[in-house]
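Listed in Swiss-Prot for this protein:
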- 5-70: domain 'J' (DOMAIN)
- 151-158: repeat 'CXXCXGXG motif' (REPEAT)
- CYS151, CYS154, CYS204, CYS207: Zn(2+) 1 binding site (BINDING)
- 168-175: repeat 'CXXCXGXG motif' (REPEAT)
- CYS168, CYS171, CYS190, CYS193: Zn(2+) 2 binding site (BINDING)
- 190-197: repeat 'CXXCXGXG motif' (REPEAT)
- 204-211: repeat 'CXXCXGXG motif' (REPEAT)
Amino acid sequence: MAKRDYYEVLGVAKNASDDEIKKAYRKLAMKYHPDRNPDSKDAEEHFKEAKEAYEMLSDGQKRAAYDQYGHAGVDPNMGGAGGQGFGGFADAFGDIFGDIFGQAAGGAARGGRGGPQVYRGADLRYSMEITLEQAAHGYDTQIRVPSWVSCEVCHGSGAKPGTKPETCPTCHGQGTVRMSQGFFSIQQTCPKCHGTGTYIPEPCVHCHGSGKVKETKTLEVKIPAGIDDGMRIRSAGNGEPGINGGPPGDLYVEIHIKPHSVFERDGDDLHCQMPIPFTTAALGGEIEVPTLAGRASFPVPEGTQSGKTFRLRGKGIKGLRSSIAGDLYVHVQVETPVKLTDQQRDLLKQFEKSLAEGGARHSPQSKSWFDRVKSFFE
């Protein structure tokens with residue numbers, strides 16, 4: 001039988017918010033929960049269907065894949081609608097009902113009807129600060145990150161060498177215990193074995209029964225040219241180890257770009273403030289500016305005013321998703337001279353006098369501004 005559209009299952013629009021999706025799921029789960037419909041196969045199927053839809057649409061990456069490719073874009077085994085029974089109910093509803101039952105929603109492994117389940121390890125995040133030049137050109141580097149690895153003494157079992165884990169007497173190897181409150185009855189992680197289905201009578205002294213030890217490892221990281229602030233680089237399999245033999249999580253290296261002394265980045269474009277002498281602004285000339293690839297020069301026309309912006313095409317950054325480099329925008333600031341000599345003062349006074357004799361043609365903006373002020377007070 002073909003699967004129904006996940007949005008149709010929850011009864012929400014395709015542009016529904018996360019909160020709307022959660023509310024719709026909660027309503028359906030309360031309506032079709034097996035403990036409220038113990039003899040209804042139809043209710044059981046509706047509950048599984050709603051649970052699968054919620055797990056897909058509440059995850060940003062899975063939802064994006066589903067929106068683009070439909071059911072073919074997501075792994076149906078990740079939905080939890082297969083042979084897990086209802087062992088995943090507490091997982092899916094932990095954030096909604098955790099406060100009702102006094103439990104914290106988390107990633108701890110929960111067992112199912114078929115015994116302890118395997119769980120993928122948690123992802124880790126590493127924050128890396130790089131320069132604008134490194135972001136623009138890319139480079140290879142190494143990072144040292146703390147990591148959990150399998151204990152070499154007990155080979156990950158957590159048990160003292162010569163002994164082995166035993167079946168948990170509390171959950172009888174299931175990894176979960178059932179908890180009831182009012183008309184709700186849900187499965188919780190077993191408090192004795194923490195979801196593994198086994199307990200360790202004689203823990204390994206090296207790892208204290210955890211089966212893993214912490215160590216620092218060195219990883220090679222390739223920073224691609226054009227990366228921007230806030231982007232992440234995925235290092236597959238370098239996260240936390242899995243639970244009950246599950247696959248490890250991933251490490252995400254989050255990039256932060258240091259402020260630059262000259263440039264400000266805006267996407268693929270760069271901006272810089274360039275002071276120029278007032279003589280160059282008045283007479284025009286050639287000025288030289290720095291770029292990430294070296295130096296570049298461009299002509300400044302005579303009569304350039306402070307704040308004028310010049311665009312140098314292709315002198316920005318070629319972003320990760322761009323086929324061409326961005327532009328460099330040079331914002332010129334006309335610099336007023338200071339600490340003048342007497343001779344320089346006299347020359348400027350003569351210059352000022354000549355400007356006054358020339359009238360508005362030398363200072364059109366000033367003339368226009370004074371005219372507006374005059375009309376304002378009339």
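Any Cβ shown, glycine's included, is placed from N, Cα and C.
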Against the repeat 'CXXCXGXG motif' (204-211), which of these stretches has the most C-beta pairs under 8 Å: 151-158, 168-175, 190-197?
151-158
Among the binding-site residues listed here, CYS151, CYS193, which has the most company in the form of other Cβ atoms within 10 Å of its Cβ?
CYS193
Can you give me the residues near the recorded Zn(2+) 1 site, meaning same chain, not CYS151, CYS154, CYS204, CYS207 themselves, Cβ no more than 8 Å from the center of the site's Cβ atoms?
GLU152, VAL153, HIS155, GLY156, SER157, GLY158, ALA159, PRO203, VAL205, HIS206, HIS208, GLY209, SER210, GLY211, LYS212, VAL213
Per DSSP, what is the helix/strand/coil residue tally across the repeat 'CXXCXGXG motif' (204-211)?
0 helix, 0 strand, 8 coil
If I restrict to non-local contacts, at least six residues apart, and a C-beta distance under 8 angstroms, what lies near CYS207 (Zn(2+) 1 binding site) in its own chain?
CYS151, VAL153, CYS154, GLY158, VAL213
Near CYS171 (Zn(2+) 2 binding site), how many other Cβ atoms are within 10 Å of its Cβ?
26
DSSP three-state assignment for CYS168 (Zn(2+) 2 binding site):
coil
Overall pLDDT of the repeat 'CXXCXGXG motif' (190-197), taken as the mean:
79
